[in-house]
Each structure stands twice: as C-alpha cells, then as structure tokens.
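*Asks:* One structure follows; several queries about it will come next.
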Amino acid sequence: MQTGLKYAQPSTLKGPTDVNAVTNWNAPLVWEGTFDPVVIDAIYKKMDPRVAVLVFAVGKYTSFLKGFLESAEKYFLIDFRVTYYIFTDNEKLVPKIKLARGRNIAVVPIPGAGVLGRMKWATITIDNQIRKETDYLYMMDIDSVFHNRFGAESLSRLSAVLHRGY
C-alpha cells in the first residue's frame with residue numbers, strides 16, 4: 001500500500017519569466033503557476049492548521065469589514081480553520097455574515113481611533129490569547145479585498161504580501 005501524494009515534481013528550469021522568483025533579499029516569491037495548489041492544500045489539510053487573521057476596524061475603517069470578510073470567505077484558505085480577530089472600537093458595526101464550517105469571528109474591543117498604541121493591544125492579545133489558539137497568524141489591512149485564491153502556499157513560519165505599489 002502506498003501513501004502520500006503523487007504529483008509532477010516542480011522544475012527550476014521552467015516557469016514564469018516575466019516576474020522575479022525571489023526578492024532582493026533572496027526570499028522566495030510565490031506566483032500562480034509556480035506550484036500546484038491542489039497538492040499544497042492537500043499537504044496542509046492533513047495537518048489541520050489553525051489560522052488567525054488579525055485586523056483593525058477602528059473609526060471609519062469599520063465600513064470595510066463586510067467587504068473584507070465576504071471576500072475572505074470566498075478566497076482565503078478555503079476549507080481551513082480560520083478565526084478572524086477583529087479589533088474594533090464599535091462592536092455593533094461588525095457585520096453578521098455567514099461563515100463556512102470551522103471559521104469564526106472573535107471581536108476584541110479596543111479604544112477609539114484617537115488613542116495611540118493599537119500595536120500594543122495586538123501584542124498583548126497575541127501574547128495572552130491568540131498564540132495559544134493558532135498555528136499561523138496573519139495581520140492584514142481591513143481595507144483589503146481578496147480577488148483570487150489565497151491558499152496554503154502562504155502558510156510558513158514567516159510570510160508577507162508585497163504591497164501593490166512596490
């Protein structure tokens with residue numbers, strides 16, 4: 001009996017030539033077409049990772065919550081366990097949206113937009129709570145919207161998203 005996944009091994013000799021494969025500091029860049037998403041997702045799904053997404057929705061930025069959450073539910077780590085930690089100064093404005101199985105929202109109340117030190121709140125909550133509840137943590141901008149698949153290829157000890165302006 002054989003176990004594991006069978007797939008064509010990736011080649012370093014072919015792939016996209018119109019984009020960089022590494023950053024200036026030699027960190028690998030993951031582009032669509034440089035990996036098999038079915039294989040990567042299958043590998044990580046066996047591990048059943050717990051993923052946390054931390055966002056700040058303070059003041060006028062609460063208006064971005066619905067778009068962020070709905071697009072994340074459509075494209076972000078589908079069929080993985082995800083908890084959205086929403087740091088907000090107005091819990092009433094957190095929309096009630098239908099979440100997939102294994103996904104939930106945790107609202108973390110914080111002072112209003114005029115109060116400095118949001119990262120302090122995040123650090124304390126990560127230290128005291130989130131690090132015990134998750135295997136992977138993403139801190140994202142609430143005014144982001146997902147337009148395509150964001151899959152397990154991004155699960156790593158350290159990952160980042162390049163800003164579209166760079």
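We count from 1, first residue shown onward.
Using the three backbone atoms N, Cα and C, a Cβ is placed for every residue, glycine included.
From TrEMBL, here are the annotated features:
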| type | residues | note |
| --- | --- | --- |
| BINDING | F56, A57, V58, Y61, D141, I142, D143 | UDP-N-acetyl-alpha-D-galactosamine binding site |
| BINDING | D141, D143 | Mn(2+) binding site |
*Asks:* For the recorded UDP-N-acetyl-alpha-D-galactosamine site, whose residues are F56, A57, V58, Y61, D141, I142, D143, find every other residue on that chain with a C-beta no more than 8 angstroms from the centre of their C-beta atoms, and list them by sequence position.
*Replies:* V55, T62, F64, L65, F68
*Asks:* Write out the long-range same-chain contacts of I142 (UDP-N-acetyl-alpha-D-galactosamine binding site), meaning residues 6 or more apart in sequence whose Cβ is under 8 Å from its Cβ.
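*Replies:* The list for I142 (UDP-N-acetyl-alpha-D-galactosamine binding site) reads V55, F56, A57, Y61, F64, L65, F68, given in order along the sequence.
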*Asks:* For the UDP-N-acetyl-alpha-D-galactosamine binding residues given in the record (F56, A57, V58, Y61, D141, I142, D143), what is the largest pairwise C-alpha separation in angstrom?
*Replies:* 11
*Asks:* Please name the residue among the binding-site residues A57, V58 whose C-beta has the most neighbouring C-beta atoms within 10 angstroms.
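*Replies:* It comes out as A57.
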*Asks:* Quick one, of the binding-site residues F56, Y61, which Cβ has the fewest other Cβ within 10 Å?
*Replies:* Y61
*Asks:* By the DSSP assignment reduced to helix, strand and coil, which category contains V58 (UDP-N-acetyl-alpha-D-galactosamine binding site)?
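*Replies:* Looking at the DSSP assignment, V58 (UDP-N-acetyl-alpha-D-galactosamine binding site) belongs to neither helix nor strand, so coil.
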*Asks:* Tell me which residues of the chain lie with their Cβ under 8 angstroms from that of D143 (UDP-N-acetyl-alpha-D-galactosamine binding site), as long as they are six or more apart in sequence?
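*Replies:* Looking at Cβ-Cβ distances below 8 Å from D143 (UDP-N-acetyl-alpha-D-galactosamine binding site), excluding near sequence neighbours, one finds Y61, F64, F68.
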